[in-house]
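The compositional bias 'Polar residues' annotation in Swiss-Prot covers 345-354. Under the heading compositional bias 'Pro residues', Swiss-Prot lists 364-375. Under the heading N-linked glycosylation site, Swiss-Prot lists N4, N257. According to Swiss-Prot, the region 'Disordered' annotation covers 344-375. Residues annotated as topological domain 'Lumenal' in Swiss-Prot: 1-31, 82-89, 162-175, 242-274. What Swiss-Prot records for 53-60, 111-140, 197-218, 296-417 is topological domain 'Cytoplasmic'. For 32-52, 61-81, 90-110, 141-161, 176-196, 219-241, 275-295, the entry in Swiss-Prot reads transmembrane segment.
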Amino acid sequence: MESNLSGLVPAAGLVPALPPAVTLGLTAAYTTLYALLFFSVYAQLWLVLLYGHKRLSYQTVFLALCLLWAALRTTLFSFYFRDTPRANRLGPLPFWLLYCCPVCLQFFTLTLMNLYFAQVVFKAKVKRRPEMSRGLLAVRGAFVGASLLFLLVNVLCAVLSHRRRAQPWALLLVRVLVSDSLFVICALSLAACLCLVARRAPSTSIYLEAKGTSVCQAAAMGGAMVLLYASRACYNLTALALAPQSRLDTFDYDWYNVSDQADLVNDLGNKGYLVFGLILFVWELLPTTLLVGFFRVHRPPQDLSTSHILNGQVFASRSYFFDRAGHCEDEGCSWEHSRGESTRCQDQAATTTVSTPPHRRDPPPSPTEYPGPSPPHPRPLCQVCLPLLAQDPGGRGYPLLWPAPCCSCHSELVPSP
């Protein structure tokens, strides 16, 4: 029984169960894939600084988690060029960082996606129902608690397994039940959030369009993540239920230790290392690569015609998918576009003392001035009303209206006579 359970704890002398030439090629391929993802995410973080995006946001936290995950996986596979015995005799902290921490990081990225889409849904509701803000705080607390529970279980199981202070079967059972159950729950909650986003498309699509995507694309990406994470968890739970306690080496495809797969030579022949790499590719590298590509950093638009004027300030439509989900909801504004000719913004904080300034327009040209059938510059059709208030320096208490440029015809708004 001890030989069958040897895969649960790193054992000295275990090597990938493939010929050296094949093992070297697979190791080089695995290392190259993870290294490419690492440099891709690293470049995305530099683009955040280059384009002047918000430095601390959902997007940057997500990219930082993916960067750390790719770095740990690249370091792990680099051991298998020449230092396989050394990789199997690591201390508790390096062992946990290389073998267990990447799984925790993937779970954190899944909870981060849940948090963002839940925020999109709640921000769409909070304008009409302010009490929904308490529900958002409860959702955030639940996902933070799930992340801490996942981290605590994996750390304790790794430490106890390394020191052999508990039965391997009991540790494996607890770790798989807790970790994979949390994966399934978070995958289902992500599916529910995406359904709510799709159902409330008129009020939630603005957040997704600010990133350059659509509700359909976000739903497709979220559905793929749900299938990948849920299938991984269901496979592990099913395999654990079917595996007897004396034959754990037929299971343990749970990304816990590369040497576990080297112990599968009796069941898989010389394909243990290959199977392990394929499992990592399907259930780790593929979903992370899709997420990084979907949430990549975009260049802000340079065309000022896409800007909006809100309360006398110009805001370009370069909102970031992870920065402020409720930006437009908080400002309380709505945009109306009529055949590309005018942009209209109504200020929701108007007071009873505010009067709408008239638009100073040039007098219409006389027929003798423009002999043609129509004047070369027709009269502007401006629908923007932007009262800019200031305190009367004379102390009379009357608001003053300062001149402001019009966003559609570039003329001037002047106070009433």
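From the backbone N, Cα and C atoms, a Cβ is placed for every residue, glycine too.
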Intrachain neighbours beyond the transmembrane segment (32-52), with Cβ under 8 angstroms and 6 or more residues off its ends:
59-60, 63-64, 66-67, 70-71, 73-74, 77, 281, 285, 288-289, 292, 296-300
Name the range, of those listed as 61-81, 90-110, 176-196, that has the largest tally of Cβ pairs under 8 Å with the transmembrane segment (275-295).
61-81
Please report, as numbers and ranges, the same-chain residues at least 6 past the borders of the transmembrane segment (90-110) whose CB is under 8 Å from any CB of it.
10, 62, 65-66, 68-69, 72-73, 75-76, 79, 147, 150-151, 154-155, 158-159, 162-163, 179, 182-183, 186-187, 190, 225, 229, 254-258, 284, 287-288, 291
Run through the topological domain 'Cytoplasmic' (111-140) and tell me, per DSSP, how many residues are helix, strand and coil.
25 helix, 0 strand, 5 coil
